[in-house]
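Trainee: Pasting a structure below so you can have a look.
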Amino acid sequence: MSFGRDMELEHFDERDKAQRYSRGSRVNGLPSPTHSAHCSFYRTRTLQTLSSEKKAKKVRFYRNGDRYFKGIVYAISPDRFRSFEALLADLTRTLSDNVNLPQGVRTIYTIDGLKKISSLDQLVEGESYVCGSIEPFKKLEYTKNVNPNWSVNVKTTSASRAVSSLATAKGGPSEVRENKDFIRPKLVTIIRSGVKPRKAVRILLNKKTAHSFEQVLTDITDAIKLDSGVVKRLYTLDGKQVMCLQDFFGDDDIFIACGPEKFRYQDDFLLDESECRVVKSTSYTKIASASRRGTTKSPGPSRRSKSPASTSSVNGTPGSQLSTPRSGKSPSPSPTSPGSLRKQRISQHGGSSTSLSSTKVCSSMDENDGPGEGDELGRRHSLQRGWRREESEEGFQIPATITERYKVGRTIGDGNFAVVKECIERSTAREYALKIIKKSKCRGKEHMIQNEVSILRRVKHPNIVLLIEEMDVPTELYLVMELVKGGDLFDAITSTSKYTERDASGMLYNLASAIKYLHSLNIVHRDIKPENLLVYEHQDGSKSLKLGDFGLATIVDGPLYTVCGTPTYVAPEIIAETGYGLKVDIWAAGVITYILLCGFPPFRGSGDDQEVLFDQILMGQVDFPSPYWDNVSDSAKELINMMLLVNVDQRFSAVQVLEHPWVNDDGLPENEHQLSVAGKIKKHFNTGPKPSSTAAGVSVIATTALDKERQVFRRRRNQDVRSRYKAQPAPPELNSESEDYSPSSSETVRSPNSPF
């Protein structure tokens, strides 16, 4: 008993023990329960226990083998995660994509990989862990990729300690200042969402006006005055949400302010002609001079004003009037300014401080307006950084190894992360497309681009858009791509005068040949749809399809769990999240075949409610309604049914599709009845007129893996999803292979009796 009391009193001061023993004692020598040390400790221990139970443990998680991922901080508490499995599920939603952890998070390792975590109790406050799937632990210096500023509250006991521990107390002002090294004087344009023409204001951000993300949001609310009240969200013109203060100081300088209301990309993020003119008038010379005013020591109330005050003083006009006077001065930051200190870092990002988004939305006006002060400013920037302006208007130098072999022409496509230029091989006069990916736009996600390019390197097939050549430099990645000029699949159908089952059969023959080749390499495309099927016109007048856009493609070495793709063409096993493989491409091809023969998809939702569509896909009930299918052969319907089987094992493989009579011409009807599907395709799909026949091919090339992040969607699982998914009957007479490992065909794959 005495030993227990000594243990209990360890946390008390030794000099108070004697007083506590003698004070309030009774005749029997026992201390009074009211004043005893035991009673005091009992109350303290209870409060500490309750506090520790409620307190969240802050830990950092990395992705196994991902040397570019800086980790994500999680607050682990019993209220948030009731079980270890719940934590794994949440980590899967956060960390899994089509490249990293495609099978989901199934294992958590300690940072050294020596131990596997199996319960929440094993997670230690402030430590770091590595999330993996079924692959072995990959030993990397994960903590070397982490910015030490990932927590303001870190207190290290020694400089050599690899992993910092987190403290619960808030850091002091000095720590906060250290974490604002990214702040530099910058003038941003804020456009309010809503009916056009929209109000816009310019706000100066610097270390005096940008104290925190919440404070900047408050200042923007005061300046922009949304009809719906408080500004809840900010987006770049690319649709990326601004999540923290540092996002204001990236490459973007135009932001859309939104309240709690819903928004549509085509309505809110696309600027009309008047808004382009207004944005273009935002001279970067003005920004530079405003930056100098923000950094120099000058008396007056402007140094103490908040962002809205800075807005009016900097602009000199009301917020809705964005035109500024032209100035011939070019920005030249002082040797001690943040701009000069970061000159080397800016050059690694691609150089000019001009926003890619603002350049993109005003490109059509720039072609007609002639050279202006902004062009002269960009030319000075390019000369300062050693770029050859005459070779590239976007501000990057094309490597000599490419210009020696190819004549690079005008820009024909502009995506979120890539630019596409005309490219003609000098020796053969053959026309290609030069895809230029700016690495500054992909910072932190380079692995996604690398995955796409690595797959393009491996594939070489007459029904696949080819990668001809690549060149990797520190600031850009150059890809010489095959340019397909015949439009996409929908263009071919809607523009033809006569369209029959034989044409549809030839199209499926081309598509199945490409899928067969990919599956023989264990590559799954995951985004097969008409927009990614381009029409190639041969010299003899015949046509064939080429499959492009490998942004979601990946190697299959086990079940995949990432829910991604285009909803109309997504397979049921993807939605059910039970694990999927190569045959999701066959399902998509089956949906396309159905559309080719009637003009509308087999599974249709109601409005924007994707759950209705997903439920139909999970059921897998394929109907052939009259009169749309009255003139279609039974052989075609049979093939579609076999391609759209919910049971993956019974679903056709690519080899079986190619061997089917309807595809190899044996099952085609003798009387070629013309199919009237063009009007239905125009009604059910967005197939508006394109500016040129090459627009579809350029659009496919301009797309990158980073654009596909929007196609990774999440669906709340219903309790009966798996039961419905597994309950579908399968024809017992078929015993097809579960995967397609057939060798690839080396000859040009074209249906012998069809233009395709």
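Backbone N, Cα and C define each Cβ position, glycine as well.
Swiss-Prot lists these features:
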ACT_SITE  Asp527  active site, proton acceptor
BINDING   Ile412, Gly413, Asp414, Gly415, Asn416, Phe417, Ala418, Val419, Val420, Lys435  ATP binding site
COMPBIAS  366-375  compositional bias 'Acidic residues'
COMPBIAS  711-723  compositional bias 'Basic and acidic residues'
DOMAIN    57-143  domain 'Doublecortin 1'
REGION    288-393  region 'Disordered'
REGION    711-756  region 'Disordered'
Trainee: Among Ile412, Gly413, Asp414, Gly415, Asn416, Phe417, Ala418, Val419, Val420, Lys435, recorded ATP binders, what is the largest CA to CA distance in Å?
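Mentor: Those residues reach a largest Cα separation of 14 Å.
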Trainee: Over all shown protein chains, what is the count of other CB atoms within 10 A of the CB belonging to Ile412 (ATP binding site)?
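Mentor: The answer is 20 other Cβ atoms.
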Trainee: Please give the average pLDDT for the domain 'Doublecortin 1' (57-143) in this predicted model.
Mentor: 87
Trainee: Which residue counts does DSSP yield for the domain 'Doublecortin 1' (57-143) in the helix, strand and coil classes, in that order?
Mentor: 17 helix, 23 strand, 47 coil
Trainee: Between Asn416 (ATP binding site) and Asp527 (active site, proton acceptor), what C-alpha distance do you get in Å?
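Mentor: Distance between the two Cα atoms comes out at 19 Å.
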Trainee: Report, as a single number, how many Cβ atoms besides its own are within 10 Å of the Cβ of Ala418 (ATP binding site).
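Mentor: So the number of other Cβ atoms within 10 Å of Ala418 (ATP binding site) is 23.
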Trainee: Return the count of C-beta atoms lying within 10 angstroms of the C-beta of Val420 (ATP binding site), excluding that atom itself.
Mentor: 25
Trainee: Look up Ala418 (ATP binding site) in the DSSP assignment and reduce it to helix, strand or coil.
Mentor: strand
Trainee: Within 10 Å of the Cβ of Asp414 (ATP binding site), how many other Cβ atoms are there?
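Mentor: Cβ-Cβ neighbours of Asp414 (ATP binding site) within 10 Å number 17.
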Trainee: Where's the emptiest Cβ shell within 10 Å among the recorded positions Asn416, Asp527?
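Mentor: Candidates: the recorded positions Asn416, Asp527. Fewest Cβ atoms within 10 Å: Asn416.
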Trainee: How many whole Å apart are the CA atoms of Asp527 (active site, proton acceptor) and Ile412 (ATP binding site)?
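Mentor: So the alpha carbons of Asp527 (active site, proton acceptor) and Ile412 (ATP binding site) sit roughly 24 Å from each other.
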